[in-house]
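Annotated features in Swiss-Prot:
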type	residues	note
ACT_SITE	H193	active site, proton acceptor
ACT_SITE	Y371	active site, for cyclooxygenase activity
BINDING	R106, Y341	substrate binding site
BINDING	H374	heme b binding site
DOMAIN	18-55	domain 'EGF-like'
CARBOHYD	N53	N-linked glycosylation site
CARBOHYD	N130	N-linked glycosylation site
CARBOHYD	N396	N-linked glycosylation site
CARBOHYD	N580	N-linked glycosylation site
SITE	S516	site 'Aspirin-acetylated serine'
Amino acid sequence: MLARALLLCAALALGQAANPCCSNPCQNRGECLSVGFDRYKCDCTRTGYYGENCTTPEFLTRIKLLLKPTPNTVHYILTHFKGVWNIVNNIPFLRNAIMIYVLTSRSHLIDSPPTYNAHYGYKSWEAFSNLSYYTRALPPVADDCPTPMGVKGKKELPDSNEVLEKVLLRRKFIPDPQGTNMMFAFFAQHFTHQFFKSDQKRGPAFTTGLAHGVDLSHIYGETLDRQHKLRLFKDGKMKYQIIDGEMYPPTVKETQVEMMYPPYIPEHARFAVGQEVFGLVPGLMMYATIWLREHNRVCDVLKQEHPEWDDERLFQTSRLILIGETIKIVIEDYVQHLSGYHFKLKFDPELLFNQQFQYQNRIASEFNTLYHWHPLLPDTFQIDDQVYNFQQFLYNNSILVEHGLTQFVESFTKQIAGRVAGGRNVPLAVQRVAKASIEHSRKMKYQSLNEYRKRFLMKPYTSFEELTGEKEMAAGLEALYGDIDAMELYPALLVEKPRPDAIFGETMVEMGAPFSLKGLMGNPICSPHYWKPSTFGGEVGFQIVNTASIQSLICNNVKGCPVTAFNLPDPQLAKTVTINASASHSRLEDLSPTVLLKGRSTEL
């Protein structure tokens, strides 16, 4: 009888034991497979490593490791030696070879086809085929692990409000030393919300953006019904209205398109565009208006080239041209600015035609999370000689009409954005959004910062001080989390020490770049069967794509062709900045937020 009781107790203990894979024993992208209740096996297939935990490098891997520089070394080389890079940029075969390396080395870090999602931490047909999920770069922490980060850290994560108040919320605006401006900030927000579309009913693990990439649904609408309501059905164009001699989006009343506006907004100020949340701030509506004008302009060009084409073909071809323009602007202007490289990035799909590359993409929830760059936002917005706080700015399309696009572009080009890394720079006005980012990450059971660093070929941090580059915030984080291996991803990205004179820290760049470049170059228009003049209506349409830039987009669609870029016109304005947020000790209670964003804006 006693023997049976002991056997039963042993069985119960074994059944309740922690999943042996909770400690993430398999290294170098080896996959952990539990064997019974207390053992595991690492699958090291095609990792370049072998051994019980995939830690012993194969011969070729050893050579690669000896020759491969660290990410920070590569970044240093690319952001220094300007004279050398000027020569490289003017030698086509050298520039092409380096660009091929940049694209392949980054994009090969992204699993394609996708592997996991929030509910499947192992390979499954559901994780592959169900497009309503965001994919995952790393599987979620198993439900039966002893701590939220597996086996490291405390039994419970710290209160999200405490994390916000101690290390994330702004005491004083910290400008970006790279000179990033508000034209960039609103472009980022506008561009990414064609594929970051979390399903508000089902939760943060799900998306309504089933195209999972650059489809310009934020211009044309997510569904065919919405698209049809926004279309003019004449000459391929989108509906519009003329105000003071300039083209603006049509109204909700005219289109019967659902948009998110508070009830007090008058009908004439309720503009209707592809993304239902873009009425939130005039900066988003500015870009929505610019792209509306560009679509209708391209339709006019194609109509002149092809008078025989019907409305549908003019519309569809114009959409492909705008997709091409978008990708070129993102790579050659947007990513170029973010990188800080002296090497000149190049959008040329032909560079990958002889490489192993899959023309498909799936948006990862980690990519969505890391793109919450709310520190970019200033405390106030200056248009010409008028200053608006958040409360005056939100849902106020009348500002856009009153000032006009020219003043908006000129003003946002000159207004500096905030630094994203380094901590304590999230505006109080959007603290609810930052809090939601933390809580959504926990709901989706993200692994720790260090696990993501290893996944993207970076060395794990050994201390909080190494993460932040200072002592005060590091001590606060250690008190909150207890172990650097239990540090959460999202807060870590915002408190990580920035690279020298840069907007981001190492992890943000090394994680974000692979997702970004794979998503851009994995677009169908970049594939061999699409990338040819006939796809874009002939040489004229192909030329529009191949000559696109943020400056040409503005020149073609904004009166007076104001000079613009994604950085301040005078780089000296960004030089005198605080390097570390720990220097600011002002109390949060001394500052009062203007407004808390609500509803669908948690993703903005």
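Here the Cβ of each residue, glycine as well, is placed from N, Cα and C on the backbone.
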Mapped DSSP class for N396 (N-linked glycosylation site), helix or strand or coil: coil
Residue among recorded positions Y341, Y371, H374 with Cα closest to the Cα of N396 (N-linked glycosylation site): H374
Distance [Cα-Cα, Å, rounded] between R106 (substrate binding site) and the residue listed as 'active site, for cyclooxygenase activity': 17
Integer Cα-Cα distance in angstrom, N130 (N-linked glycosylation site) to N53 (N-linked glycosylation site): 31
Residue counts (helix, strand, coil, in that order) that DSSP gives for the domain 'EGF-like' (18-55): 4 helix, 12 strand, 22 coil
Model confidence over the domain 'EGF-like' (18-55) (mean pLDDT, whole number): 97
Spatial neighbour of S516 (site 'Aspirin-acetylated serine') that is closest, considering only the recorded positions H193, Y371, H374 and their CA atoms: Y371
Y341 (substrate binding site) versus the residue listed as 'heme b binding site' - Cα distance in angstrom: 24
Long-range Cβ environment of Y341 (substrate binding site), under 8 Å and at least 6 residues apart: L78, T79, W85
Rounded to the nearest Å - Cα separation of Y371 (active site, for cyclooxygenase activity) and H193 (active site, proton acceptor): 11
Between H193 (active site, proton acceptor) and N53 (N-linked glycosylation site), the C-alpha gap once rounded to whole angstrom: 40
Surrounding CB atoms that lie within 10 Å of the CB of N53 (N-linked glycosylation site), all protein chains: 17
Those recorded positions listed as N130, N396, S516, and which of them has the most Cβ atoms within 10 Å of its own Cβ: S516
Which of R106, H374, the listed binding-site residues, has fewest other Cβ atoms within 10 Å: R106
Neighbour count (Cβ, 10 Å) for H193 (active site, proton acceptor): 21
